[in-house]
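Taken straight from Swiss-Prot:
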type: BINDING; residues: Cys34, Cys37, Cys53, Cys56; note: Zn(2+) binding site
type: DOMAIN; residues: 30-294; note: domain 'CoA carboxyltransferase N-terminal'
type: ZN_FING; residues: 34-56; note: zinc finger
Amino acid sequence: MLGDLFTKPKKRKYATIPSDGTKADVPEGIMTKCPECKKIMYTKELQKNLMVCNYCGFHHPIGAKARIDMLVDEGSFEEIDASLTTANPLGFEDYMDRIEKDKQKSGLNEAIVTGHATIGGNPLVIAVMDSRFRMASMGSVVGEKILRAVEDADKTNKPFVIFTASGGARMQEGMLSLMQMAKTSAAFKRFSNHGGLIITVMTHPTTGGVSASFASLGDYNFAEPGALIGFAGRRVIEQTVREELPEDFQTAEFLLKHGQLDDCISRLDLQNKLSFILSIHVKAPGVGGEVDGE
C-alpha cells in the first residue's frame, strides 16, 4: 500500500472524436477584423461606412480608385496620363518584376491616379496616391504625373486636390527619384503664384520625401484621423535626440495640436467639407494671374 504512493501515475489516454462536419465554414473576405479595436464586422457593412470602423472610427487603407469613387460626383471622373509607367532608368535588378506584381495587385500602372472631376458640382483636378503600388513611393513617373496634373489645373483654372500616402522616395530610381521633391514643390509654387487653390489631404502613411516636399504645401492641409505623418521613423529620431517621444508623435492629431494641420477630418465628412471649400473658392474663367514672388 505504501508502495503505491511512490509509483508513477499512469498516463491518461485521450480519444480523438472525429468531427461531424457540421461546423459552418465562413467564406474568406466576408468578415473583417479591425486592427485597432479588434472587433469583427461584416466587410460589406465596413465598405458601406467608407472603410471606417463602426466601433472605434479606425480608417482602413483604401485604393486610389475606391477613394475617387467615394468622393467625386458619379460619372464625373476623367483620368489623365493613365498610360505613363516607369522604364527602370537605372537598370535596377528585379525592379520591373516588382512593378509587374504591383500592377497585377493594384490594377494600376503607377502609384498615383490623376484626373478631372467634380465634387458637389465643383470642378477640380484630383490626384490620389495608392500605397498598394510600391508603397506609393515617389519615382520619376509619380512626380511627372503630379506635375502634369498641377499644370492641367493651372491651364483650366481649376483647384487641385491631392491625397498623399507614401513611404517616401523610390530607392530603385536613385537621384531621379529625389529630384521629384524639388520638381513637384516648384510646380505647386508656380500654381500658387498664379492664384491656384491647392488642398492636400494626408492619409496613412505620409512619410519620407513626400512629407518633406509637396504634402504640406497646400493652402489647406488636412489629414485623416490616425494617419502617420513624418519624415524619419520614430526609432531613428529617438536614437538621434536620445529622448523618448510622446506616444502620439507623428500622428495627424499630434500635428493638428501643434499647428501643422488645418484640420483632421473623418473620411465620412470629407466629401461635404471639400465641396464646401471648393464652392467658396470658385474662380471664374480668365480671373487670376500671377502674383509677386514667382
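Just so it is clear, glycine is given a Cβ too, placed from its N, Cα and C backbone atoms.
Those residues of the chain, other than Cys34, Cys37, Cys53, Cys56, with a C-beta within 8 angstroms of the mean position of the Zn(2+) site C-beta atoms are Pro35, Glu36, Lys38, Lys39, Asn54, Tyr55, Gly57, Phe58. Fewest Cβ neighbours within 10 Å among the binding-site residues Cys53, Cys56: this applies to Cys56.
A mean pLDDT of 93 is what the model gives for the domain 'CoA carboxyltransferase N-terminal' (30-294).
The helix, strand and coil residue counts that DSSP assigns across the zinc finger (34-56) are 6 helix, 4 strand, 13 coil.
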